[in-house]
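> The structure's right below; bear with me while I get my questions together.
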């Protein structure tokens with residue numbers, strides 16, 4: 001019997017981008033690169049070298065020496081230059097060759113690519129633009145004053161390589177209300193997106209599921225208010241306000257990534273926690289460690305999905321799925337020439353998802369799960 005194919009919706013996987021996103025990309029905490037050694041970073045389909053000069057200023061260059069292709073990240077830092085391990089050619093942070101030790105003269109015009117850098121909140125950023133334009137002041141990553149205040153912990157930082165996925169997979173999460181229930185085991189009772197200019201924001205109120213314990217971002221009877229904003233294509237600041245009964249905890253989560261290739265990226269996340277009054281530093285550190293562990297479990301829940309899903313350019317949506325297509329239009333501004341950015345990519349857009357029906361259905365599921373758990377526990381006790 002022939003299979004009925006009329007009305008079947010096919011998945012359009014589309015094509016991967018032909019360039020990397022324009023914008024600031026976070027490489028990690030400054031302290032990770034400030035040990036006097038050159039560090040390699042695989043990013044944007046190439047390799048970069050990061051090194052600190054004698055004043056502690058961080059510099060980023062193309063990693064491969066323009067002389068004979070040696071890997072500068074395998075070399076050494078000598079004064080204000082990074083020295084190639086192959087023939088000791090010295091390169092300054094401005095990209096100019098400063099010295100060829102064995103030569104009568106150093107080529108005056110010898111240059112490699114030097115990358116724009118910035119430091120915000122103790123984190124190092126590198127600028128990428130397919131057209132080669134310098135960064136504009138209005139898209140600079142905002143400062144994170146809490147990190148400087150002395151009243152918050154230092155960054156608890158994690159990173160991992162995600163292979164087989166494009167960066168857009170993580171961006172889609174900004175509009176995905178329902179995955180908080182199914183992947184992160186919470187009940188999102190309020191969910192709103194606002195996109196404007198180079199910023200995309202998510203506002204969330206989430207309560208824990210009583211039928212789930214110790215699963216990452218599930219917090220039992222805890223309540224969470226969250227404001228999360230992407231500043232450009234790859235760096236999110238997430239202000240988290242957690243309530244556990246009478247106890248309140250303030251924290252900031254950084255959710256960021258940078259592309260390695262078009263189908264792989266490095267996912268990074270970091271947490272700082274406001275030091276609760278009356279707690280000593282050791283206890284505060286334990287609190288920060290515990291919170292970071294929970295956040296890490298949450299990211300790994302997402303990673304498990306990304307590892308096995310397909311890219312889909314034509315997702316089939318229901319009302320509660322929110323502004324997926326609008327989010328992708330916003331994201332597209334970073335993958336076209338500046339002259340080709342259209343108003344629908346940057347004009348202000350707001351959407352609040354009505355979670356009422358979803359929460360009603362989910363609460364029924366939660367109660368059924370609790371009933372089944374109670375019956376299973378009773379049966380186990382009587383056996």
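The count begins at 1 with the first shown residue.
Cβ coordinates come from backbone N, Cα and C, glycine included.
Since this is a predicted model, take the numbers as computed values, not measurements.
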> For the Fe cation site that Swiss-Prot assigns to 173, 179, 184, which of 53, 62, 302, 313 is also named?
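When Swiss-Prot describes the Fe cation site, the candidate it includes is 302.
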> Restricting to the domain 'Rieske' (24-126), what is the model's mean pLDDT?
98
> Say you check the Cα of residue 302 (Fe cation binding site) against those of the binding-site residues 67, 84, 87; which is nearest?
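Its closest listed neighbour, by Cα, is 84.
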> May I ask for the distance between residue 87 ([2Fe-2S] cluster binding site) and residue 173 (Fe cation binding site), taken between their Cα atoms and rounded to an integer number of Å?
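For residue 87 ([2Fe-2S] cluster binding site) versus residue 173 (Fe cation binding site), the Cα atoms are 47 Å apart.
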> Compared by Cα position, which of the binding-site residues 173, 179, 184 is the closest one to residue 65 ([2Fe-2S] cluster binding site)?
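Going through 173, 179, 184 one by one, the closest to residue 65 ([2Fe-2S] cluster binding site) is 173.
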> Sorry to bug you, but what's the C-alpha spacing from residue 179 (Fe cation binding site) to residue 84 ([2Fe-2S] cluster binding site), rounded to the closest Å?
48
